[in-house]
Amino acid sequence: MSALEPPTLLLRRVRPYGEGDPVDVLVRDGLVAAIGPDAGADLPGEAEIHDLGGAVLLPGFVDLHTHLREPGREDTETVASGSAAAARGGYTAVFAMANTQPPQDNQTVTDSVWRIGRSVGLCDIHPVGAVTVGLKGEQLTEMGQMASGEAGVRIFSDDGMCVYDPLVMRRALEYSAGLGVLIAQHAEEPRLTKGAVAHEGPTAARLGLTGWPRSAEESIVARDAILARDAGARVHICHASTTGTVELLKWAKAQGISITAEVTPHHLLLDDTRLETYDGVYRVNPPLREAHDTLALRDALVSGVIDCVATDHAPHAAQEKCCEFAAARPGMLGLETALPIVAALLVESGEMTWRDLARVMSARPAEIAGLTDQGRPIAVGEPANLAAVEPDSPWTVVGEELASLSANTPYEGMTFAARVVGTVYRGRMTHRDGEVLA
Ligand code: NCD
Ligand code: ZN
């Protein structure tokens, strides 16, 4: 067996989608080769056997929104460390946002990130291309070049910054429709968020923090839905965070507008009362909102108004987070805690099945990105990108123990019942019980 050929794997005692009795799954040549009690018959001697003890088997997760910080801030995350975090989180494909230093606004950078991802080999790393040069919101990038390069860039975003100028956004959407690529918008009207560090509401008022009103997000969501309609383009809304955004998405989808949206685990779980301690770990864009927003976001994910979960994994160095609240960089880690949070909020509560969770964490994000070999059903002949989850294996989050080079998790000390215990990427086990396998 050459180093390039994936080994034959037998996953013993797994429950696809958490349904029915445990079965065995045979993985050969990177594909699911057999499922059932006899899947392991005629196993070659060199096969790897992993007894997963009845774990739920899901398609590997796909993250449309990750920050990997390479190039430029390799002290906080690299493609390699972020890939390890992804593997531990059950992810087999992640989209690496363009706000690196230098930004991913040209083919040289997007192809280089792509190649590093390939050589690390723990999951598919898809660089996102910037919409505008330097993420400045002024001049469109050469999207076509990035799309036709080695990386085959299919999502473009200035995330971290909003494409705020309506004329630039209109042109970007028109151009993207012609190229068959997707624009993902960080919806934040900058004129409404000058100096803002927290959600505008009673908590920020009491704590003396400058507020980021919901209207800063919602006005851009409404505008971009209309621009996408008129351009005949698709648009994707990053990290939806408000009740009003949910209403606008509902409206836009009812009009037949090609709009999709993601929500982060932290906007589903946490609200702005966390800011009481002034701990910079809770600073994030868009900010943690109020309890009714978290409930509306959960309902929207269950009903499909919000299409998928994306982590917005945003590593930052300790000195950038452990400082006065307003000086802390916005962003929090997400890859290694996404599954346990979504499982706790929506599966353990009975609002979703594991199959529903597979839709919002794997199938739907893969569809939105146009990936054909990710987010696939667990079936014979399909690519073996898989995540094994123990639903009731409580663990406590410790930032320093995460694979990420940064430790800015808002879940420090929190205990979750569900745990990712194994990840299979292109037919290879990339992670087992917390250990990342090269
Ligand atoms: C992100 C980052 O750190 O790059 N920060 C954040 O608060 N979410 C940028 C972004 O996703 O907007
Ligand atoms: Zn953003």
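Cβ from N, Cα, C; glycine included.
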**OP:** Among ASP158, ASP159, ASP165, indicate the single residue that TrEMBL lists for the Zn(2+) 1 site containing HIS65, HIS67, ASP312.
**Re:** ASP159
Original post:
TrEMBL has ASP159, HIS186 down as binding Zn(2+) 2; which of HIS236, HIS239, HIS266, HIS267 does it also list for that site?
Top reply: HIS239
Original post:
Considering the binding-site residues PRO330, GLY331, which residue's Cβ sits among the greatest number of other Cβ atoms within 10 Å?
Top reply: GLY331
**OP:** Would you find the one among the binding-site residues ASP159, ASP312 whose Cβ has the most company, meaning other Cβ atoms within 10 Å?
**Re:** ASP312
Subject >> In the chain carrying HIS316 (substrate binding site), residues 6 or more apart in sequence that have Cβ under 8 angstroms from it >> reply: THR76, ALA328, ARG329, GLY331, SER406, ASN408
Original post:
When the Cβ positions of the binding-site residues LEU68, ARG69, ASN285 are compared with the atoms of ligand 1, which fall under 6 Å?
Top reply: ASN285
Original post:
When a 10 Å sphere is centred on the Cβ of HIS239 (Zn(2+) 2 binding site), how many other Cβ atoms does it contain?
Top reply: 24
Original post:
From the centroid of the CB atoms of HIS65, HIS67, ASP159, ASP312, the recorded Zn(2+) 1 site, which same-chain residues not already listed sit within 8 A by their CB, in sequence order?
Top reply: THR66, MET97, GLY160, CYS238, HIS239, ALA310, THR311, HIS313, ALA314
Original post:
Do you see any of the binding-site residues HIS65, HIS67, ARG69, ASN99, ASP159, ASN285 whose C-alpha is within 10 Å of HIS186 (Zn(2+) 2 binding site), and which ones?
Top reply: ASP159, ASN285
